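Peer 1: Just lifted these from Swiss-Prot, have a look:
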{"type": "DISULFID", "residues": "Cys89-Cys168", "note": "disulfide bond"}
{"type": "CARBOHYD", "residues": "Asn5", "note": "N-linked glycosylation site"}
{"type": "CARBOHYD", "residues": "Asn162", "note": "N-linked glycosylation site"}
{"type": "CARBOHYD", "residues": "Asn163", "note": "N-linked glycosylation site"}
{"type": "CARBOHYD", "residues": "Asn262", "note": "N-linked glycosylation site"}
{"type": "LIPID", "residues": "Cys284", "note": "S-palmitoyl cysteine"}
{"type": "TOPO_DOM", "residues": "1-25", "note": "topological domain 'Extracellular'"}
{"type": "TOPO_DOM", "residues": "47-56", "note": "topological domain 'Cytoplasmic'"}
{"type": "TOPO_DOM", "residues": "78-90", "note": "topological domain 'Extracellular'"}
{"type": "TOPO_DOM", "residues": "112-134", "note": "topological domain 'Cytoplasmic'"}
{"type": "TOPO_DOM", "residues": "156-183", "note": "topological domain 'Extracellular'"}
{"type": "TOPO_DOM", "residues": "205-230", "note": "topological domain 'Cytoplasmic'"}
{"type": "TOPO_DOM", "residues": "252-272", "note": "topological domain 'Extracellular'"}
{"type": "TOPO_DOM", "residues": "294-344", "note": "topological domain 'Cytoplasmic'"}
{"type": "TRANSMEM", "residues": "26-46", "note": "transmembrane segment"}
{"type": "TRANSMEM", "residues": "57-77", "note": "transmembrane segment"}
{"type": "TRANSMEM", "residues": "91-111", "note": "transmembrane segment"}
{"type": "TRANSMEM", "residues": "135-155", "note": "transmembrane segment"}
{"type": "TRANSMEM", "residues": "184-204", "note": "transmembrane segment"}
{"type": "TRANSMEM", "residues": "231-251", "note": "transmembrane segment"}
{"type": "TRANSMEM", "residues": "273-293", "note": "transmembrane segment"}
Amino acid sequence: MVSSNGSQCPYDDSFKYTLYGCMFSMVFVLGLISNCVAIYIFICALKVRNETTTYMINLAMSDLLFVFTLPFRIFYFATRNWPFGDLLCKISVMLFYTNMYGSILFLTCISVDRFLAIVYPFKSKTLRTKRNAKIVCIAVWFTVMGGSAPAVFFQSTHSQGNNTSEACFENFPAATWKTYLSRIVIFIEIVGFFIPLILNVTCSSMVLRTLNKPVTLSRSKMNKTKVLKMIFVHLVIFCFCFVPYNINLILYSLMRTQTFVNCSVVAAVRTMYPITLCIAVSNCCFDPIVYYFTSDTIQNSIKMKNWSVRRSDSRFSEVQGTENFIQHNLQTLKNKIFDNESAI
């Protein structure tokens, strides 16, 4: 499908339908399984929950809500027709932005919580409570839903292909970008990306500096290694999933408002947009890795389950070995009796 950005740069972006269909199918399977397992562990397996667990539960719920909309998107990208109505189109768009920026903010909450626990372990006791964590989570949900509301307002289904099919998730008109969306993108990028990015990098740097102080050298190397792994995994997932898309979104907004009209740059930005969006969506699959490295209780639960499985397997092997030993002795005894009878 050849489209235009409102300037003299026609561009064929039809490759995005195949890319979205394949990537969203994979994210649906992996994201559904991993986040369902995570929520089961959080709710059913963990006996003790703290404020970090509260953030992770909300992050998993945000991922699942978006994952549940993926089958509708997959159908649309496969058939290029949206038969599910305007309301479901708006809900799907809202949950996309809610998930992306909700994930960014909840990951930032986890990073700040870790910073307070390690850098100010005693002073932060009154702040790091489950009640305060719940209040923060409610504030995050209101923020991301409020931020995604304008996109929902402007997004709607429309006829395409001589009125033979309905379209959803397609781009907004150039006039809408110039009047409203460019300002909304600026707000979203500042509140939902740049401030959280600065907080994540700053908190991680402060934690690393605290761990390297002579006062903390007495701490076990194992605990320091755990924290270092935690910070590394957290930052890698955050930067890998969200930095490319949000940087490209800024360039895309500039392109749609015709701030620059160089056709080579326009083609590069439009090509990278669906690719970076797919990378951002993959955060649903990577968030459970954050849960594992962040929570000792989750690691212990998984290790306990593996230990119980191995223990049951070893018990089964012992029982089976004992039965084989008894059967072997009985067979030997029978053979001896038979030999004695034959000798008589």
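Each position is counted from 1, following the chain as shown.
Positions of Cβ are set from backbone N, Cα and C atoms, glycine also.
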Peer 1: Please report how many Å separate the Cα atom of Cys284 (S-palmitoyl cysteine) from that of Asn262 (N-linked glycosylation site), as a whole number.
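Peer 2: The separation of the Cα atoms works out to 35 Å.
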Peer 1: Can you count helix, strand and coil residues in the topological domain 'Extracellular' (156-183) using DSSP?
Peer 2: 10 helix, 6 strand, 12 coil
Peer 1: To the nearest whole angstrom, what is the C-alpha distance linking Cys168 (disulfide bond) and Asn262 (N-linked glycosylation site)?
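Peer 2: One finds 28 Å between the Cα atoms of these residues.
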Peer 1: Would you kindly check 57-77, 135-155, 273-293 and say which stretch has the most C-beta pairs under 8 angstroms to the transmembrane segment (184-204)?
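Peer 2: When the Cβ pairs under 8 Å are tallied, 135-155 comes out ahead.
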Peer 1: So which of 57-77, 135-155, 273-293 has the most C-beta pairs under 8 Å when paired with the transmembrane segment (231-251)?
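Peer 2: The stretch I would name here is 273-293.
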Peer 1: In whole Å, how far does the CA atom of Cys89 (disulfide bond) lie from that of Asn262 (N-linked glycosylation site)?
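Peer 2: About 33 Å separates the two Cα atoms.
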Peer 1: Apart from its near flanks, which chain residues at least 6 from the ends of the topological domain 'Cytoplasmic' (47-56) lie with a Cβ under 8 angstroms of it?
Peer 2: 38, 106, 109-110, 113-114, 128-130, 132-134, 136-137, 290-291, 294-295, 297
Peer 1: Where else in the chain does the topological domain 'Cytoplasmic' (112-134) make close Cβ contacts, counting only residues six or more beyond its ends and a cut-off under 8 Å?
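Peer 2: Sequence-distant neighbours of the topological domain 'Cytoplasmic' (112-134): 49-52, 54-55, 199, 203-204, 206-207, 210-211, 227, 230-231, 294.
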Peer 1: Using DSSP, tally how many residues of the topological domain 'Extracellular' (78-90) sit in helix, strand and coil.
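Peer 2: Looking at the topological domain 'Extracellular' (78-90) with DSSP, the answer is 7 helix, 0 strand, 6 coil.
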Peer 1: On a simple 10 Å Cβ count over all chains shown, which one of the recorded positions Cys89, Cys168, Cys284 is most densely packed?
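Peer 2: Per the Cβ count, the most surrounded site is Cys284.
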